[in-house]
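Undergrad: So Swiss-Prot says this about it:
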type	residues	note
TOPO_DOM	1-103	topological domain 'Cytoplasmic'
REGION	1-33	region 'Disordered'
REGION	65-96	region 'Disordered'
TRANSMEM	104-124	transmembrane segment
CARBOHYD	ASN125	N-linked glycosylation site
TOPO_DOM	125-143	topological domain 'Extracellular'
TRANSMEM	144-164	transmembrane segment
TOPO_DOM	165-172	topological domain 'Cytoplasmic'
TRANSMEM	173-193	transmembrane segment
CARBOHYD	ASN194	N-linked glycosylation site
TOPO_DOM	194-200	topological domain 'Extracellular'
TRANSMEM	201-221	transmembrane segment
TOPO_DOM	222-233	topological domain 'Cytoplasmic'
TRANSMEM	234-254	transmembrane segment
TOPO_DOM	255-269	topological domain 'Extracellular'
TRANSMEM	270-290	transmembrane segment
TOPO_DOM	291-325	topological domain 'Cytoplasmic'
TRANSMEM	326-346	transmembrane segment
TOPO_DOM	347-367	topological domain 'Extracellular'
TRANSMEM	368-388	transmembrane segment
TOPO_DOM	389-396	topological domain 'Cytoplasmic'
TRANSMEM	397-417	transmembrane segment
TOPO_DOM	418-422	topological domain 'Extracellular'
CARBOHYD	ASN419	N-linked glycosylation site
TRANSMEM	423-443	transmembrane segment
TOPO_DOM	444-461	topological domain 'Cytoplasmic'
TRANSMEM	462-482	transmembrane segment
TOPO_DOM	483-487	topological domain 'Extracellular'
TRANSMEM	488-508	transmembrane segment
TOPO_DOM	509-521	topological domain 'Cytoplasmic'
Amino acid sequence: MSSDSLTPKDTIVPEEQTNQLRQPDLDEDSIHYDPEADDLESLETTASYASTSVSAKVYTKKEVNKGTDIESQPHWGENTSSTHDSDKEEDSNEEIESFPEGGFKAWVVTFGCFLGLIACFGLLNSTGVIESHLQDNQLSSESVSTIGWLFSLFLFVCSASCIISGTYFDRNGFRTIMIVGTVFHVAGLFATANSTKYWHFILSFAIVCGFGNGIVLSPLVSVPAHYFFKRRGTALAMATIGGSVGGVVFPIMLRSFFSMKSDTDPTYGFVWGIRTLGFLDLALLTLSIILVKERLPHVIENSKDGESRWRYILRVYILQCFDAKAFLDMKYLFCVLGTVFSELSINSALTYYGSYATSHGISANDAYTLIMIINVCGIPGRWVPGYLSDKFGRFNVAIATLLTLFIVMFVGWLPFGTNLTNMYVISALYGFCSGSVFSLLPVCCGQISKTEEFGKRYSTMYFVVGFGTLVGIPITGAIISIKTTADYQHYIIFCGLATFVSAVCYIISRAYCVGFKWVRF
């Protein structure tokens, strides 16, 4: 940092140079020194020298060598740093050097999360195939909107249950909560396989399986942050690629089973397809439990005097699991709002993507192929932006992908999405951009959160996201209720505007951190 760029009231002086300020004519009574300050604290020195007031921020040698900036809470649009080194993380005062940033154990943990997320996100990406089969078979007597509420409830329970596992993970670690979530996830799938009535599917799939899926999701997304800081975007992108892999493999497997027929049991293919999915998810989640281990110490909160064990559990894991105070942090608040609108947009668009295609004369098989293209292109869509985010900044790349997705929807899909050839291109672009959104948004949340609090903050965010998903899909269904061409155009506009609002929220969140200037953030 050049001394020419400093004003007399904001001088940064290395520790070894501080004696130069203490000339005989200084007013010694105006020098304040904290003898208890350690290597991580700064000393504030104010002196009167040659009739000029000088305020010096004195850093330890360790901090000077690291280029540390100790900053106050930023105001709206304020650029909180006078310089931004190319290799500095702008928003964190954590000991960056303590993160492994790689190594055998770190990548084994990432691979374990990858396997677990194949099961979690793979099921989420297979709901369209399951919905289509139920609409034509077990639930053929129910309306489309009624069946839609089943899957909307599944997504809500999945998102909302993250809040329980996130709090437990921060306090107790990975393994126990993963075992509990795996039991619910697999048991829900086996119960779904034998369901025949609407209320059966509500209990087995939406509630039990949705709860288990959400329970395992939060720890699997949180653990890579324990091993990576500078390369966190790349690591989480590698882990979440499992969602796209599952989104490609699971629907193909389920459609193959669903096509099986039996003279004595018309549900034979569905039953064994869901059971096979349950066995496969059990194997994947078990391997994840074996391979993954958290690194950072747990957040410990002792019980109060005279507090019973059950009152302690109720207070810590139920009443305090929602981090309401986090919303007082404006950068976190707008990050959550941005995630709500992005998830609402993408989930609503994908839920009715096949219906849109068939309404424009595209066959059911080709519509299924378009969905497969989205999932396949989501694989590089998760990795490439994740890698770029470590080079150019997580928020910067996330905002760029959201704006690109908005352009794809308004410039590509809305005017040209009327024939199969165009839809192939649109599906590829949409899959790439939406995949990057899913992998980058948790990283952005992690960047503005302490690592040991990430699980709770992430789960709190997705608890709120669950409400957005719960109402977003039915609203989209109401928009296309008549299924006219104009209805589907309004459906694209609705999803596109939600994407744009998401980008604006992330821009505001970034502004609270570093202002509007171009820096790597």
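The backbone N, Cα and C atoms fix where each Cβ goes, glycine too.
Note that this is a predicted model, so its numbers are computed, not measured.
Explain the structural surroundings of these features, please.
TA: According to DSSP, ASN125 (N-linked glycosylation site) is assigned to coil rather than to any helix or strand. Around ASN125 (N-linked glycosylation site), the same-chain residues six or more apart in sequence whose CB sits under 8 Å from its CB are GLY243, SER244, GLY246, GLY247, PHE250, PRO251, ASN375, listed in sequence order.
Looking only at the topological domain 'Extracellular' (125-143), the predicted model's pLDDT averages out at 81.
Here the transmembrane segment (144-164) has Cβ contacts under 8 Å with residues 124, 127, 131, 134-135, 198, 201-202, 205-207, 209-211, 213-215, 217-218, 317, 321-322, 347, 351, 458-460, 462-463, 465-467, 469-470, 473-474, 477-478, 481 of the same chain, all six or more residues outside its ends.
For ASN194 (N-linked glycosylation site), other Cβ atoms within 10 Å of its Cβ number 13.
Here the topological domain 'Extracellular' (194-200) has long-range neighbours at 138-139, 142, 146, 150, 267, 271, meaning same-chain residues at least 6 beyond its ends whose C-beta is under 8 angstroms from one of its own.
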Undergrad: Would the transmembrane segment (234-254) count as touching the transmembrane segment (270-290), i.e. at least 3 C-beta pairs under 8 angstroms with sequence separation of 6+?
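TA: They are in contact.
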Undergrad: What count of other C-beta atoms do you get within 10 angstroms of the C-beta of ASN419 (N-linked glycosylation site), across all chains shown?
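TA: A 10 Å sphere around the Cβ of ASN419 (N-linked glycosylation site) contains 11 other Cβ atoms.
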Undergrad: Count the CB pairs under 8 A between the transmembrane segment (104-124) and each of 173-193, 201-221, 368-388, then give me the winner.
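TA: The listed stretch sharing the most Cβ pairs with the transmembrane segment (104-124) is 201-221.
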Undergrad: For the topological domain 'Cytoplasmic' (389-396), how many residues does DSSP put in helix, in strand and in coil?
TA: 7 helix, 0 strand, 1 coil
Undergrad: Pop the Cα-Cα gap between ASN194 (N-linked glycosylation site) and ASN419 (N-linked glycosylation site) into the table, whole Å please.
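TA: ASN419 (N-linked glycosylation site) to ASN194 (N-linked glycosylation site), Cα-Cα distance: 39 Å.
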Undergrad: So which of 368-388, 397-417, 462-482 is most in touch with the transmembrane segment (423-443), counting Cβ pairs under 8 Å?
TA: 368-388
